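Lifted from TrEMBL, the feature list:
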| type | residues | note |
| --- | --- | --- |
| BINDING | 27, 84, 164, 168 | Mn(2+) binding site |
| DOMAIN | 2-91 | domain 'Manganese/iron superoxide dismutase N-terminal' |
| DOMAIN | 99-189 | domain 'Manganese/iron superoxide dismutase C-terminal' |
Ligand code: MN
């Protein structure tokens, strides 16, 4: 069974005005769909990957016996699929606060506000295309960014909150103003107050 593009659990316009409908359509229907198609192509070429859990494959990517070319394609497109599936899930038109996560954030960073400040700085200063992350790293909360579509699972970490800072995520509405996109994004991140 090949990997599938997941449906959104809300309308493409539901995150307006913070994330516009056209960006959501292009982002989901074109970019994410592209990662899924290319991931499926790598798997088809390497049948030993078929039917395996994508997270487990990503964690052990070095031991899959892939050619350099296929390994890169797997990291980029498997990561693209995992990252975007996560991204759609943590956003929504209404807050559905993850109380346990919110408490961990408060006890690690002092307050949600100071977490947002640190995370926002990391997201703003990621050079070029990539993601900002809050992860669970061996039981500890950490903030960092990754380039391209690199998944935190590559480091053995579990993503808790990921923010896409590729230009395709914001350029139609925010042009070069990535900090404005980040500031607006907190309104549609449903898992934290
Ligand atoms: Mn993206």
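For all residues, glycine too, the Cβ spot is worked out from N, Cα and C.
Unlike curated entries, TrEMBL annotations are predicted automatically.
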Quick one: which residues besides 27, 84, 164, 168 have a Cβ within 8 Å of the Mn(2+) site's Cβ centroid, in sequence order? 28, 31, 32, 87, 166, 169
Write out the long-range same-chain contacts of residue 164 (Mn(2+) binding site), meaning residues 6 or more apart in sequence whose Cβ is under 8 Å from its Cβ. 27, 83, 84, 87, 131
Within the predicted model, mean pLDDT of the domain 'Manganese/iron superoxide dismutase C-terminal' (99-189): 98
Tell me which residues of the chain lie with their Cβ under 8 angstroms from that of residue 168 (Mn(2+) binding site), as long as they are six or more apart in sequence? 23, 26, 27, 31
Report the DSSP secondary-structure composition of the domain 'Manganese/iron superoxide dismutase N-terminal' (2-91) as helix, strand and coil residue counts. 60 helix, 1 strand, 29 coil
May I have the DSSP-based helix, strand and coil counts for the residues of the domain 'Manganese/iron superoxide dismutase C-terminal' (99-189)? 44 helix, 24 strand, 23 coil
